[in-house]
Amino acid sequence: MSTPGPIWACLTLMLVGSCSAHSLFTCEPIKVHRCSGMPYNMTFFPNMMEHYDQDIAASNMEPFMPLANLRCSPEVHHFLCQAFIPACTEENKVIRPCREQCKTVLSDCEENIRIFGISWPPELQCDKLDPCSSPLDPELPATTPVSSSSAKRDLGFWCPLQLKTKPGVGSSFLGAEDCAPPCSNMYFKPHDIEFAKNFIGVCSIVCLGATLFTFLTFLIDVKRFRYPERPIIFYAVCYSFVSLIYFIGFLLGNNAACTKASHPAGVETVVLGSQSKGCTLIFMLLYFFSIAGNVWWVILTITWFLAAGPKWSCEAIDKKAVWFHSAAWGIPGALTVMLLALNKVEGDNISGVCFVGLYDLDALRFFVLAPLCVGVIIGLCLILAGIVSLNHVRQVIQHDERNQEKLKKFMIRIGVFSCLYLVPLVTLLACYTYEQSHRSTWENTWINDRCQEYSIPCSYKTTEHDRPDLSLFLVKYLMTLVVGISAVFWVSSKKTCSEWAFFFNRTRKRDPISESRRVLQESCEFFLKHNSRVQHKKKHYNPNSHKLKVISKSMGTSTGAASNADTATHQGTSALGNHHPRIHGSQSEASGREHLDRGTSSRSSRRGERGRGKAERDVAKGAAPVR
């Protein structure tokens, strides 16, 4: 009597090694009436075909019963019962059919198997069975003492054949290796999933527009947003990527979150692990920017506290920007790499993206809930400390009503912005907390609903069936995206409106038709004027024009003064022409006309002087004879 204890321990260890869901090796009475006449009355499950209770085994045994009814072989009834309802001996050993017995049944019933179209299970291939002369096949006793253990045992979760995945990819579902949840949602109906997808798509578009507006407002006037409010811009950029990824998931459907079946009898399953490159890329971007947005919120509260408490200047805070960026991008990067190393990528068949903690509760607690809780606690403490410091400053300057009013508005603005961020984030934490506390019950309900369909053991952990409400998941996705919209509140002001109005007025283009018409008209006028001046110069050209230089020199100071005035006028015109080319052209034409007029008048005066001199000489010659 000293041997049963060690045997029980060894059998338990063997079964745990092969089937991790078994916690206790027990026999149970036979309830299937077709095998009630066997020389044994106790059985054990699961059997060779991985049926997990007697009802499932009996239903799968029905197609083979024509062979037993026809008695095509003397051993067929005994063979089928041992295969589907195995014997469990007093020594807690399971007796299965043997090889020679299998070959005898197949050879005797081959024609009937072909006629009835019976599909022989691969687990009952004769070469896979132990020989009948094996010492593991003792003679069956006439009866086996009935065990007092209950027939309803908690076998845990056994992965059905439909949900099996390729071995080696590292997927694990409900503790079963090489298993994944179905792509069709476990808890909700298809029309509910369709509504949820459309809801997430609309929310992602709204959040994307709001965050992009915040970032573009920053690009219009970069100097406007300095520290301590500069982290709001990076925070908006992070959530613009988050909303963009959710929108991409809405467009892709389940193409990234699900994968095809690995064998003909399987169904599409959710991606678990880094087997899919597309799902892994979506996970990296979504998780990285989600955590980065949370870190930038903490940095924003730190900069506000430094400005309000120790009274740091903008330049002093700006000098620490390198450390801020190192923390904001380094912490999410390290967590993302850690999750990739642990192979914790999981597809989401509701939103179409890939994230972490959707099926693994430990990953949800340590990589989602913990960072969010730390960020909320630190940020809330720093916000409260900064508001207390600003309130103290407001009391000090209570006689300065103007500055006191500005400080009061600033404190209200900080408070409203903090509430717009913290309320959605705290709601999101509540959703995650409720989900991780009830997920085990939801999974047990799903197992009980599908155990007959998948031929797996039903769960007896709970008698009450609890299913999640769709509104919980809708609120969770809404709060994930609404957090990013709070950045719009900070940039919403009259100054933002005036900056956008100035931006659109500055970039407004002229009408291209009127612009080309104006350029063509100015070009034609220029060429016509230039041609008339050239013809005028040719018409009034005088080969003795070099004499003008002598006459000009003899005119003395007045000419020089006029020349200097012309030079000064020309310089002034040229300087002004750098900004107004049309004015420069008209003034140069006027000065050219004045120069030509002066040349014409000087030539006429010289001709008149020569004419008067000649007349005087003629008069003198004519007067000489008279004398």
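The backbone N, Cα and C atoms fix where each Cβ goes, and this holds for glycine too.
Automatic, uncurated: that is what TrEMBL annotation is.
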Of the candidates Cys81, Cys88, Cys98, Cys102, the one TrEMBL records in a disulfide with Cys27 is Cys88
Need the cross-check against TrEMBL: the disulphide partner of Cys35, picked from Cys81, Cys98, Cys102, Cys109. Cys81
Looking at the disulfide bonds in TrEMBL, identify which of Cys102, Cys109, Cys132 pairs up with Cys126. Cys102
Model confidence over the domain 'G-protein coupled receptors family 2 profile 2' (193-499), averaged pLDDT: 87
Taking helix as H, G and I and strand as E and B in DSSP, count the residues of the domain 'FZ' (22-135) in helix, strand and coil. 52 helix, 8 strand, 54 coil
